[in-house]
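TrEMBL has this to say about the protein:
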{"type": "COMPBIAS", "residues": "1-10", "note": "compositional bias 'Basic residues'"}
{"type": "DOMAIN", "residues": "242-271", "note": "domain 'EF-hand'"}
{"type": "DOMAIN", "residues": "288-310", "note": "domain 'EF-hand'"}
{"type": "DOMAIN", "residues": "322-357", "note": "domain 'EF-hand'"}
{"type": "DOMAIN", "residues": "361-396", "note": "domain 'EF-hand'"}
{"type": "REGION", "residues": "1-31", "note": "region 'Disordered'"}
{"type": "TRANSMEM", "residues": "37-58", "note": "transmembrane segment"}
Amino acid sequence: GSKSPTRKPTARPPSPPVLLPAMTPPAAASPGRKSPAAVLFLCVVTISLLMFILLASYTPRLQPHGRSPHRRLKLHPKNSAAVASSYGAGAVHDSGGNRHAAPFDPAIAELERRLEDKEWEREHYRILHGDAEKDDHMKEWEEFLREEEDFINDDDRFNVSDRIRALFPKIDLSPKDGFVSLDELIRWNLDQARADQLHRSAREMELYDKNGNGIVSFTTFRALRQQSHGDGNSLGFPWWKEEHFNASDVNGDGFLNKTEFHDFLNPSDSENPKIINLLCRQELRQRDKDGDGKLNFEEYFHGLHDHIHGYDDENAAISHIGNMTIAKERFAKLDKDNDGFISEHELEPVLDKLHLSERYYARQQATHAISEADKDHDGRLTLEEMIENPYAFYGSVYFSDDEDYFHEEFR
């Protein structure tokens, strides 16, 4: 009858936790990743926006360094025929009537003058010696042209940006304030044009001054002028007469020295009172229908008004041309003594409109250059504006004659 001992229940070890498979969150819940469709859409939008910005900002502007990678810079020397026909009128024009302005950069001017000198020598060699060896002279000129153009196309030897940096302080003179004003640019252009004129006059003097004594007589000039150039000029009336020669002879010794000869060749730019008076007299003669030595209103209106239209207002409306009321107002301004006629002396204020001088072209050239390069429209140029817009000053080497956007005043 003994009882069995009571067993205590044995404690079971705890079961290990059941691990559930981890849940993968949906792709949209991740802030760092986007769906392929969204990525593709963003790429298309970004590329389209970049292309729009590039196209909108593109302008056919040359690089600041002054080099177009696919364009060879070219010199444009004036040929001797254009130079010869220009004498008696000041500026040189080509056969199509386009004006050849003096280059902006004296370095370019020097290269073109050397080329013109070669052409001048070749032309006068033909006059003096016939066509013998003409082809050899032409080959020599073409080789010389290639060498000069190789120079301006070598960025190490001729860098337009560096040239502008060197010239800027020479232009910015009055006042020296870090800006190039219209007046400063006009003065610079005029200096370059006069240097060009003086060089051509000195070269012509060599042709007529056979014995090298520095003077020329009318007899010698007349004979050689007929042989080398003929009677042509751009004044609109014969200029190579003895009265014109004598008007240029300031000291009245019967000969022209270098300065007097220069005035004779370029009367439109002369400050000699006798030449100025003679030009006025010639203009009056051409329009004085009744031969009384002065212009009445009818003679002025039909023969002169439209030529000098707007001389006192560069922005005068084109509708003023042929306008009787405007003509009467301008006639009254010219008629200083109020006698109802215009005398030769009263024509002097508008003479530069009848015979455009280098001063006129220097202003035109400067005005156009500033309009092209003055990007902040303050009426003056900084060094940066000039460097960023070199075509406004070096147009003759950047552009070819047959390009629509070539302007001779950009030289």
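Numbers here mean position along the shown chain, with the first residue as 1.
For all residues, glycine too, the Cβ spot is worked out from N, Cα and C.
Bear in mind that TrEMBL entries carry predicted annotations, made automatically and left uncurated.
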Summed over the domain 'EF-hand' (361-396), the DSSP helix, strand and coil counts are 24 helix, 1 strand, 11 coil
List the helix, strand and coil residue totals of the domain 'EF-hand' (288-310) as derived from DSSP. 10 helix, 1 strand, 12 coil
On the 0 to 100 pLDDT scale, where does the domain 'EF-hand' (322-357) sit on average? 90
